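Just below is one structure, and these are the notes that go with it.
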Amino acid sequence: LAIKKLSWIYEHWVPKEKILTTNTWSSELSKLVANAFLAQRISSINTISAVCEATGASVKEVAKAVGLDSRIGNKFLNASIGFGGSCFQKDIYNLIYLAESLKLEPVAQYWLQVIKVNDWQRERFAHMIVQNMFGSVSGKKIAIFGFAFKEDTADTRLIIKLKSSFYFYFLVWFSESSSIYVCRYLIDEGATLHIYDPKVTSERIFLDLSEQTGANETDLLNHVHIANEPYAAAKDSHAIVVCTEWDEFIKLDYELIYSTMQKPSYIFDGRLILDHDQLMSIGFNVFCIGKKPPKNQFLTQSPL
C-alpha cells in the first residue's frame, strides 16, 4: 500500500512507465551494483591499457573497436589514471562488506579486485613519471594540471577507509582524487610540485595533501606551490602531468609552454586528452596511459 501511494505521488511529474517498484533489498542493491558495474568497466579498460603499453597496441583504438559492439557499448571505456569520487569506491566497499557478511568470499574478492586495479593504475602512472625522468624527480619542478577527481568540479572527495582483518570495510571521509595519489608519490620522491586547477582552492589542496602525506605545513610549503594559471605552473618545469580532463588543457599554447620549460621537456598525459603527435613535433617527450612511446622519441638534451 505504501509503495502504491508513493508511486502515485511521483506520477504527478514522472511518467508512470519510468517508475520502477521493487522490494527493499532489490532497491538498495540496484544502487550499489550500478556504480560497481561502471567502476568495473573503468578498471577493466585500465588493465587493457597496461597490455597495450607492453604490446604496442593503442588503448583508444581497442576501446573504440570493442565499443562498437552493441552488447558492450562505448560508455566508460576511457583509460585513465583511475576513477575518483566517493560514489564508486564507497558502493563497491559496501558491496564487499555485504558479500563478506553473507559468507560469499569469492564475490567479495572479485569486487575487491576492481578497487585494487584502480589503486594499481594510479601507482603505475606515478611510477611511469619517475622511471622516464632518468629514475629520479628529486629536486625537479613538476607542473600538475588538474587536482579535482573529474572535470567541471572543485570536488576532491575526502574519505578515510578502515579495513578489518576479514575485509569488512567502514568508511569515513578520505582523499579520493587520483591526482592526490600522484602528487603524494612525487612529493615522497623529492619533487617540487606547482599545481593548477581551475576550481579547487589552495586551502583544499593543502588540506588533502597534508592528510595523505602526513607532512607538516612547512614541508608542504617547500614542496607544493599553487599556480593561478597553467602557464605559470609550467614555467621552468621539467615536466607536465595531466591528472584531470579539463577542456582548458586541450586548448593551451604548448609551443609557448615548451619554450618556457627546462629541457628535456616531458608531458605525462594521464587522461589521454592531448594531441600527442603535435606535442612530439614541438619537442616534448610524451608518455601516456595505454600507448607505448614511439621508438624514435629519443632525448637529445642532457638530463643535467
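Counting starts with 1 at the first residue shown.
The backbone N, Cα and C atoms fix where each Cβ goes, glycine too.
Annotations in TrEMBL come from automatic prediction, not curation.
The substrate binding site annotation in TrEMBL covers K31, F76, L77, N78, A79, S80, G84, K150. With a cut-off of 8 Å between CB atoms and residues at least 6 apart in sequence, the same chain places G84, G85, T244, E245 near K150 (substrate binding site), listed in sequence order.
Note on C87 (active site, nucleophile): other Cβ atoms within 10 Å of its Cβ, all shown chains, come to 16. Annotation source TrEMBL lists active site, nucleophile at C87.
Around the Cβ of K90 (NAD(+) binding site), the number of neighbouring Cβ atoms within 10 Å comes to 18. Taken from TrEMBL, the feature NAD(+) binding site applies to K90, R157.
As annotated by TrEMBL, domain 'UDP-glucose/GDP-mannose dehydrogenase C-terminal' applies to 143-276.
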Distance, C87 (active site, nucleophile) to F76 (substrate binding site) (CA atoms, angstrom): 15
Candidates L77, A79, S80, namely the binding-site residues, that fall within 10 Å of C87 (active site, nucleophile) by Cα distance: none
Cβ-based isolation winner (fewest other Cβ atoms within 10 Å) among the binding-site residues L77, A79: L77
Per-residue Cβ crowding (10 Å cut-off), top of binding-site residues N78, S80: S80
Chain-internal residues, separated by at least six, CB under 8 A from K31 (substrate binding site): D91
Integer Å distance between the CA atoms belonging to K90 (NAD(+) binding site) and N78 (substrate binding site): 21
Rounded Cα-Cα span from K90 (NAD(+) binding site) to A79 (substrate binding site), Å: 21
